[in-house]
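Novice: A single structure is presented below for examination.
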Amino acid sequence: MAKELKFSEDARSKMLAGVDQLANTVKTTLGPKGRNVVLEKAYGSPEITNDGVTIAKAIELEDHFENMGAKLVSEVASKTNDIAGDGTTTATVLAQAIIREGMKNVTAGANPVGIRRGIELATREAVKKLHEISHKVESKDAIAQVAAVSSANEETGRLIADAMEKVGNDGVITVEESKGIDTELSVVEGMQFDRGYLSQYMVTDNDKMEADLDNPYILITDKKISNIQDVLPLLQSIVQEGKALLIIADDVDGEALPTLVLNKIRGTFNVVAVKAPGFGDRRKEQLEDIATLTGATVITSDLGLELKETTIDQLGTAGKVTVTKDDTTIVEGAGSKSAIAERVENIKKQIAETTSDFDREKLQERLAKLAGGVAVIKVGAATETELKEQKYRIEDALNATRAAVEEGYVAGGGTALIDVIESVAALEEEGDVQTGINIVLRALEEPVRQIATNAGLEGSVIVEKVKSQPVEVGYNAANGNWENMIEAGILDPTKVTRSALQNAASVAALMLTTEAVVADKPEDNPAPAAGMDPSAMGGMM
């Protein structure tokens, strides 16, 4: 296919137009008075959301060059979401501000390489200062406040704080759709390990790219499955029962994997294969843990067991299994409570006896997975559209809370970014490097400016007033008061704020140093030739 090229100012202006279209759509959702965005769906009713990354992913522009600019900023939102789980709108706002100011200066003749260096220096200083003013999460109230700010709902904040209290800060918390209209919390016995599906064609939910199995059989083995004939008798028995299957094995490759995928795609039966967690002797122990939880027998040569001879009664079962590209979560395993209790006691004895800190840490992880369980937040709403929107909010709040536990929290509402301006302004460089620093200084004001704009106020006036306030005092757009944001419970996780700034600066710096853009040239499809009019034949037979 032929390519179309644009250079220098032409290329950058087109990409900036794409950046603006995406960012202007996303930034309307920022803050407690942010608006919603309605997304058209190919099937079913439109989706209403205020989730930055969901909106960014949905935007495709007709112009190839503009679309590339939009996609680069969408990448900022996605990366921030992957690292911190929240802060995608803030990241988009920061990226747009840095790119726009940078483009102005590059167009005026500044050296983009010098500007990039200045952006990197300023970002590093801002991140350092964010860590200095960060507070550790030391109470259930702080957890509830972080979650409440992210979800814009105090009840959600309390729910997430309760969930973390029950399963621990590192425990497994999942968000599911409820059949009723109330949102509630329940804790079920379950386990999560860090192995995802071996093929993306095994997913059942294409939007979230995860596989959900209800009441599946679970085959656990330390063997490699390469030949489908090894498990064919077992698969035939499972197909007859019409149940799903989770395979946990050393590996599934050769002809076995494509055969399983083909049967999944054809709808013969629902199957997901994952690699066994851990390595060496630790892997054997973890497989035994999973087997105890699910009531399975580990198919291993150590016990003289072969895959060809495996029967259904050697398989485990569970109420639900969810597999993502990175993790597998088993909920409501059918193992006997006495066997699980015995296994837990055995691990506790090993913890007491071990002299290695590393071994103790790994044993405690296993204990938490066996004994801690999984907290499930069941989201309820009156309509399906509201349900999806609520679920997005709770998932964001949960991610934000985990981020706060990890790196602490800072004053919310964009106040922390203004609080670091003084430190960044103290940097003194020359020429275009200083220009890059000044660009970041201006961008740090942008989240507060946008929150104020969304609340119907003049953003620049609010920014100047926040600058004149003591550290951590800012504008609460929810009630219109000026107050200490920490004391008012308006908190942002440090990790979220840091990731948003770092990712925005990274992509912005790359765009500013772009000198050429290559895109596919649109094909000119000529109109098909019109059919000949029979009457033009003059009645010829």
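Heads up, residue numbers simply count up from 1 along the chain you see.
Even glycines carry a Cβ here, placed using N, Cα and C.
Annotation source Swiss-Prot lists ATP binding site at T29, L30, G31, P32, D86, G87, T88, T89, T90, G413, N476, A477, A478, D492. Under the heading region 'Disordered', Swiss-Prot lists 521-541.
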Novice: If you draw a 10 Å sphere on the Cβ of A478 (ATP binding site), how many other Cβ atoms land inside?
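Specialist: Summing over all protein chains shown, A478 (ATP binding site) has 16 other Cβ atoms within 10 Å.
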Novice: Residues with Cβ closer than 8 Å to the Cβ of N476 (ATP binding site), same chain and 6+ apart in sequence?
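Specialist: Result: G413, W482, E483, M485, A488, I490.
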Novice: Can you check which residues sit near T88 (ATP binding site), meaning Cβ under 8 Å from its Cβ, same chain, 6 or more apart in sequence, and list them in order?
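Specialist: Listed in sequence order, they are V26, D51, G52, V53, A56, A77, S78, T80, N81, A500.
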Novice: Of all the binding-site residues given, T29, T90, which has the fewest Cβ neighbours within 10 Å once its own Cβ is left out?
Specialist: T29
Novice: Can you check which residues sit near G31 (ATP binding site), meaning Cβ under 8 Å from its Cβ, same chain, 6 or more apart in sequence, and list them in order?
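Specialist: Result: G413, Q450, I451, N454, A455, A477.
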Novice: Quick check: in three-state DSSP terms, what is N476 (ATP binding site)?
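Specialist: Where N476 (ATP binding site) sits, the three-state DSSP reduction gives strand.
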Novice: Have a look around D86 (ATP binding site) and count the other CB atoms within 10 A of its CB, chains all included.
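Specialist: Around the Cβ of D86 (ATP binding site), 34 other Cβ atoms lie within 10 Å.
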Novice: Among T29, L30, G31, P32, D86, G87, T88, T89, T90, G413, N476, A477, A478, D492, listed as contacts of ATP, what is the widest Cα spread in Å, to the nearest whole number?
Specialist: 20
